[in-house]
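Student: Pulled these from TrEMBL:
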DOMAIN    209-356  domain 'O-antigen ligase-related'
TRANSMEM  29-47  transmembrane segment
TRANSMEM  59-80  transmembrane segment
TRANSMEM  86-105  transmembrane segment
TRANSMEM  112-133  transmembrane segment
TRANSMEM  139-160  transmembrane segment
TRANSMEM  180-197  transmembrane segment
TRANSMEM  209-242  transmembrane segment
TRANSMEM  249-270  transmembrane segment
TRANSMEM  349-368  transmembrane segment
TRANSMEM  380-403  transmembrane segment
TRANSMEM  409-427  transmembrane segment
């Protein structure tokens, strides 16, 4: 079934590209779907095709995969005109892909390492295509509209899981609540910044923002809720520094009222979670055990154990035993809950450095260009993307899921939006230099007439 779907997708690439060039409404639908699909990949298996699949492999990716989003990126690449984006924006991403490709030589199973290289290569394509698409002012908002649709799907799912099934923690349409919690950052903060700035109407922003907050609370994920709360406070502070307005003050008072209402609900949600699954971290701290195993591996393998190999090496070469990881199969197959330690363990110090650089460049670009243009629509979107990335990066000190394809798609979309919008703003700010000889010649011609 999946192979047939892949063949159909390949054959339909050119016809779809031609239709998109002809019909504006179809193009708008296309970019809306681009923003929505990362939220539905886990729930609709036909959207995700495994060319090579190792279902028993314990890692952040299990095969050579192609999704409907990848096909859409190829179609977009064929129809979009070139957009001037500085090469240095993409250079850290390229360097990271080179480093992780070299880690295949360190890996016990090179093909398993290639699974990860292939995934990051696909994400680079997404970033480049979205950067090119963002030359058109409407496309970022169409992508956000798609994200809002994705949030609606998860909102309905978590309501059913919580009140229909009575689950203490809710995953939405993803396989784990931590994935959902991190995914929400990419909608929450752009939406909040746009709301505070007054760039979009209330009816456009308030419903998705409210659904995002309710969904976040029902995940009952401590890290997700905690970092989102800190991020919301930082966002209010950032926007206040940009200048106070009636809209910002009104939203601030509304936020305080919401905290008073939502606080008890959040407390009850956590209480229900811990009644069903007590933490017992004073007896066994699993995160600390994973971190200890990772430290041992980095010490013994400064060039890394190979991309997508943390679990394999930790379990089969005694590092989980040394670190005191619980002997249950589920514990031994789990990945260290720190994205930066995972990067260092699997790809060494070079991989850690290039991974951090790859994340830092779009964050810096978004803050610098966004602050410079904070009174314009483009600057507002950039600041929203910057806050989403910043909170996600801090959250990643406690989770590895930034390596999962769902989060990587959302991160790549955000990075592409930042690069494209910042490049557009940069071109707009560049002064037009007029050749003085041409100007003199034109003056002479006008005077002669």
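Every residue, even glycine, has its Cβ placed from backbone N, Cα and C.
Automated prediction, rather than curation, is the source of TrEMBL annotations.
Since the structure is predicted, the reported quantities are computational estimates derived from the model, not experimental observations.
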Student: Do the transmembrane segment (380-403) and the transmembrane segment (209-242) share at least 3 Cβ pairs closer than 8 Å, excluding pairs fewer than 6 residues apart in sequence?
Tutor: yes
Student: Could you name the stretch, out of 29-47, 112-133, 209-242, 409-427, with the greatest number of CB pairs under 8 A to the transmembrane segment (59-80)?
Tutor: 112-133
Student: How about the transmembrane segment (112-133) and the transmembrane segment (209-242): do they have 3 or more C-beta pairs under 8 A, pairs 6 or more apart in sequence?
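Tutor: Judged by the Cβ rule, the two regions do not touch, with the required three close pairs absent.
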Student: Could you tell me what the rest of the chain brings near the transmembrane segment (86-105), counting residues at least six beyond its ends with Cβ under 8 Å?
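Tutor: Beyond its ends, the transmembrane segment (86-105) has Cβ neighbours at 113-114, 116-117, 120-121, 124, 127-128, 131, 303-304, 306-307, 346-348, 350-351, 354-355, 357-358, 360-362, 365, 415, 419, 422-423, 426.
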Student: Could you give the residue numbers and ranges of same-chain residues that sit at least 6 residues beyond the transmembrane segment (409-427) on either side and whose C-beta is under 8 angstroms from one of its C-beta atoms?
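Tutor: Distal contacts: 34-35, 37-38, 41, 69, 83-86, 89-90, 93, 123-124, 126-135, 137, 140, 143, 147, 183, 186, 362, 365-366, 369, 372-373, 376, 378-379, 381-382, 385-386, 388-389, 392, 402.
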Student: Please spell out the DSSP helix, strand and coil residue counts for the domain 'O-antigen ligase-related' (209-356).
Tutor: 111 helix, 0 strand, 37 coil
Student: What is the average pLDDT across the domain 'O-antigen ligase-related' (209-356)?
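Tutor: That stretch averages a pLDDT of 84.
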Student: Near the transmembrane segment (209-242), which same-chain residues lie under 8 Å Cβ to Cβ, leaving out any that are not at least 6 residues past its ends?
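Tutor: Residues 151-152, 154-155, 158-159, 161-162, 168-172, 177-178, 180-182, 184-185, 187-189, 191-193, 195-197, 248, 252, 255, 258, 262, 265-266, 269-270, 272-273, 371, 374-375, 383, 387, 390-391, 394-395, 398-399 contact the transmembrane segment (209-242) from elsewhere in the chain.
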